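Worksheet for the structure shown next.
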């Protein structure tokens, strides 16, 4: 609706402009039709203009208008409560992020036309003004008035039709808005629709055009008003100018009104088009809502199907109730028979013995039930803690592997950038070599020019001596003019062919120079290019091998998850078998009751008990049977809950399997682009080997855990909260895997860009080599036989000319010596002569005094670090350690050089030196623990949480018993040889274990010792 209001505001602005223009035409019409008498009277008396709208002029006024426009999108968070699927778990709160448009108020300058008092007039009706202004306007003819009125009438009709269209459009929009309000309203869109911004932009440009047009019109109106108000006495000239201006104004006004009509029509069409698009979007939304309703109905059907298991559970419970009621009835019958028999018999000794036997049986049965309940609770708690530890450990390992891969990718990208910088440096060196060659060619040109200049100077100096030879040469030239002309034509032909040959030779030299620049002066770069091509082929082989490794890893991963799924199905079967075991327990109980019934029937003739004791025993038996029935119901309810939990676990594992298959598909897509990322795969190979070893260890640990879980899950009862936590953790892992896939995609895009650039460079090199080979073959194919003969003839003729010139220069042109001339004047002083040789070396001088101390020298470079081997380890206990023996700290925080073995709990010294060891052992509350720190199976230190205790006879007889502590701490420095072992043995007590470690064992190498030092 906001967009509709924007369109309406633009249409109203256009119509207001049209109305103002119409008002201008009215005003011009009324001011032009003035009576001749009135104008004549005004001219004679010097009074003001008399007309209907006298002293009024049209002005263009700008106004600032506020409008609401879109200013981006903002986000907000909304909580959503999701109910549990099977109705027994707590509500889950999900926070979703939504987007909504943000609007702002903007201001826009709009130009409008208003009627105001003309220049020199004021007052309410613009009647106050100077009396000196004369009206020199002439009344137009009737034909001109009629043509103007026809045009104005046409414009008014067009404006009225536009107003009708606007009113109809407003009615339609109002009706549509009412319909949408009845059908549920139309929510505000989250963002602007794709065509709205372009439409608004086009409307804005049209409004700017109209604004410029109104300004031009304003200027023309001001000129007209000035002419109207301040007219001079030249009436004919003013009439002609006024007529032309009037025609131009009317023509321009008509053109602009047509433009405004067309713009209004286009605006109306765009609004109708937008309205049609909105209707189509609403239909699509309705279809989407119907699809969502169908999906919702399907989910409801699934839920109703899943509730069928509850109906079966109700049937089973009702059957158990019937059985219990039948047993109660049989018990009542037996009690009645016992009462009858006891009334008939009077013997009481045997009755008491049977009563004691029955009580013993019942106590034994109660003790057995309590023991089984206690064992199941302990096993459930133990499996819960072990599952938590396993999931947290797996998540930590996945996180570390992801972070390591990200670091490796960053390092590889940095190496690629360094290689690109080296390539740029290599190209700059080639550019510098080209610049040096250009400088050398410039030097050669300058040398040639200087030689030519020197030749001209020498020839000019001997010009007087060679006049005779020149004359003789001229005679020879005249005599041989025809031969010279023929020779000239031949030379021209040879020069033309020589120029073409020279151009080819120059091109060939440029190509050869380019080849030299690429391959080097002696072919060293060519060898490098060959080695690069070989490396590319080798890298492609590495890519193929790594492709095989990735395929193997994917197969191993899919096999492991299939195995895990099969084991979970086996666990589910075991749970179903547990239900049968419970039914067997119930049948055993019924057998026990049957045996009791037989024994009671045997003893009916022998037992006689008092009625009070018998009633008490009967009440106890009733309570026991009720308790057994309740226990059976609770056990069956818990078993059904366990079944539902395992079904949900199977569903989540199926979802995880699908996500892993999707990730496998993504990996195959990455493998298809292996030609583009060959620069990174050489380092990924090592990482994949490491990851393969780690994954094998993880799968081994998973298999061991599954074996433990299979042995202990027979009587397990999983808690609801633990499952929720595990599911949330698994969802976090999936989210992290999604982020990892996104990071891999971005890295793949960047690498593909780099590799595509390198491939373009290789393609350019190949194209240049191909072009060079073509030019070389073209040069080899050129026939040079005729050119060679012509060049030989030319060289022979030039040699003959040179011989004649040499003979001419060798002639002696000197005449006889002349008379001696007069003595010349004394010359000026000459320059000083050269320096003479060095004299003998003098004796050595005395030793001078000691000078002041010099300045402090600069700081030298830092020295190398001492070669201190780094060795440390730290491990914690997260598994139960109930029995005595070597404590196996299974959770490793750090283990440099793999000196600590987490499977045996033993540290082996790899080098000789001094070592520091620290251990913190935490036991259960008020339970004494005792441990020994051993070096190579020899006790070094002993720890007792209860403190020192005297042995044997030294122990006092009467002493107060204090609550023992549950903490033992070791801090010790030991000299170890290479191969010595350190471990901690538990003597008595039981250590505490938790996900957050309570028992920790750490050690480190202080310094290494050599043999000569000891």
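Glycine is no exception: its Cβ is also placed from the backbone N, Cα and C atoms.
When Swiss-Prot is compared with the stretches 99-124, 125-150, 151-176, the one noted as region 'Disordered' is 125-150. Listed ranges 693-751, 752-810, 811-869; the one Swiss-Prot annotates as region 'Disordered' is 811-869.
Comparing residue 126 (disulfide bond) with residue 118 (disulfide bond), their Cα atoms are 8 Å apart once rounded. Comparing residue 117 (disulfide bond) with residue 57 (disulfide bond), their Cα atoms are 6 Å apart once rounded. If you average pLDDT over the domain 'Collagen-like' (815-865) in this model, you get 75. DSSP classifies residue 126 (disulfide bond) as coil under the three-state reduction. Every protein chain considered, the tally of other Cβ atoms within 10 Å of the Cβ of residue 118 (disulfide bond) stands at 23.
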